[in-house]
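For reference, the structure is listed below as structure tokens.
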Ligand SMILES: *[C@@H]1O[C@H](CO)[C@@H](O)[C@H](O)[C@H]1NC(C)=O
Ligand SMILES: *[C@@H]1O[C@H](CO)[C@@H](O)[C@H](O)[C@H]1NC(C)=O
Ligand SMILES: *[C@@H]1O[C@H](CO)[C@@H](O)[C@H](O)[C@H]1NC(C)=O
Ligand SMILES: *[C@@H]1O[C@H](CO)[C@@H](O)[C@H](O)[C@H]1NC(C)=O
Ligand SMILES: *[C@@H]1O[C@H](CO)[C@@H](O)[C@H](O)[C@H]1NC(C)=O
Ligand SMILES: *[C@@H]1O[C@H](CO)[C@@H](O)[C@H](O)[C@H]1NC(C)=O
Ligand SMILES: [Ca+2]
């Protein structure tokens, strides 16, 4: 059957091609020169750098700093044979030292090298250590993260990640030999996740149980299983994964980080309880941390290189920045957008465009649309974003003011005035962010009261206080609005006597309230009247 042969060969050839494409990776070219009727022109595609072994670029920090063994030199034993305690850790002897960088070295000689902690001699105080891995660059993990433990895997640990270079952290996965006991979480396996809950943070018992220190040394953060939910068990259908990354909120971010942190909370115990008579067999030792990832370049770079101490995307499409997250100067006719995996297979580059390509209208990156207004013959930006307004989105909207330290094309160029509604006359503020205040009100946002005023849904003048408007004759000031007078006084500041008689208190002199003085008082008054 000669006819079959070519088609089988074709199939083989196409399979081969498929494999080549897979190893090359999709989206790996950003542009190509194509010939058209008008001569050769550039065509642009969404592109991303290849995965790399990120342990070559990571900064390791171990906390607390004195957790590394060997200073002073220390003996340790093994879980399998607790009577075999000959090994020594000594930081001052290169052959016996176990510094943190042995977690990322390449073990060319075949000799396993590892970082090791002090032993748990302070039991029952917990033996805690944090290992922080930093790249100073957003990365997208592309394969399982693998941490290799010598002498047994921890019985409790947490993997955390940061998306903002270590400013904030979130848990990535919990590990324990008993998830319920350690974290109050039911034990799950990544294999049990589905499309609906693929980004769920779980606790797993798969990598913490005692199986002997030599049998299974690896603690894994399973990326391939999670990819397989969309791309199939052999990850052949990556297009489907990429499509989901575009549409499913949080999916891309789930695989993104700038830093990782291992929180080691309890060492391997050898499958039983802690034996207090030999604490020299409890410690942590890590020989390798494998992180395969690609630089996050927002689909605007096909390469990522190590420059000036950090990984940087080699940005195309006239974008710039460590992650290609901005348009280059002079290319801000439209606002920046990440490239898109869609439509497959080449995606959309969403290139930044030179000011001028949209009918000479510069919008400083705050608008993607211009419109020609016929009767006044101008081109103007439409729907300016980032709280800007104006023909070129060059002004700030009402209620916002210009950020003096930001360029006109910065997303943060307009800052909200944030005038206090009760204290200010309106929502506008001047160029330095000062609002216009109502009477008695002060402060940049009109949120404070001048002396002699107090805040009560706006500043209202004081009736009394402890300084200028003191209550007299022993009265006390109630909430700056009322003098509480003793029974015999009245008036706003308790300045007047409250008399029982009808007329006695009209005069300037004070009258006394006894019967006799009332009589005297009446007499004096009538005398005065008579003499007048
Ligand atoms: C490890 O980091 C956590 C924060 O994620 C912190 O609360 C803890 O104190 C650190 N532990 C050590 C031993 O430094
Ligand atoms: C991190 O990367 C940024 C951007 O490339 C750079 O400006 C900064 O100096 C780097 N920081 C460190 C600690 O390397
Ligand atoms: C995820 O969803 C599947 C069913 O869709 C369920 O069996 C599994 O338990 C869920 N996993 C978690 C961690 O909630
Ligand atoms: C930047 O834009 C210019 C003009 O549109 C174009 O010729 C050039 O190829 C672009 N550069 C890149 C790296 O895309
Ligand atoms: C002003 O702009 C600078 C530069 O972009 C930015 O770092 C800062 O956060 C902005 N200020 C405010 C209050 O938004
Ligand atoms: C804004 O108002 C404040 C307070 O009235 C004033 O000190 C400042 O000079 C004003 N700034 C400008 C630019 O007018
Ligand atoms: Ca090593």
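We number each residue from 1, going along the chain as drawn.
Here the Cβ of each residue, glycine as well, is placed from N, Cα and C on the backbone.
Worth saying up front: this structure is predicted, and the values here are computed from it rather than measured.
Straight from TrEMBL, the features:
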SIGNAL    1-25  signal peptide
DOMAIN    43-294  domain 'Laminin N-terminal'
DOMAIN    417-461  domain 'Laminin EGF-like'
DISULFID  417-429  disulfide bond
DISULFID  437-446  disulfide bond
DOMAIN    460-495  domain 'EGF-like'
DISULFID  485-494  disulfide bond
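Annotated features, which come from TrEMBL, shown on the structure.
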| residue | record | DSSP (3 states) |
| --- | --- | --- |
| 417 | disulfide bond | coil |
| 429 | disulfide bond | strand |
| 437 | disulfide bond | strand |
| 446 | disulfide bond | coil |
| 485 | disulfide bond | coil |
| 494 | disulfide bond | coil |
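Mean model confidence of the domain 'Laminin N-terminal' (43-294) amounts to 95 (pLDDT, 0 to 100 scale). A separation of roughly 33 Å, to the nearest angstrom, links the Cα atoms of residue 437 (disulfide bond) and residue 494 (disulfide bond).
The CA atom of residue 494 (disulfide bond) is located 33 Å away from the CA atom of residue 446 (disulfide bond). Using Cα positions, the member of the disulfide-bonded residues 417, 429, 446 nearest to residue 485 (disulfide bond) is identified as 446. Taking the Cβ of residue 437 (disulfide bond) as centre and 10 Å as the limit, one finds 22 other Cβ atoms among all the protein chains shown. For the pair formed by residue 417 (disulfide bond) and residue 446 (disulfide bond), distance between Cα atoms is given as 11 Å, rounded to the nearest Å. In this structure, the C-alpha atom of residue 429 (disulfide bond) lies 11 angstrom from that of residue 446 (disulfide bond).
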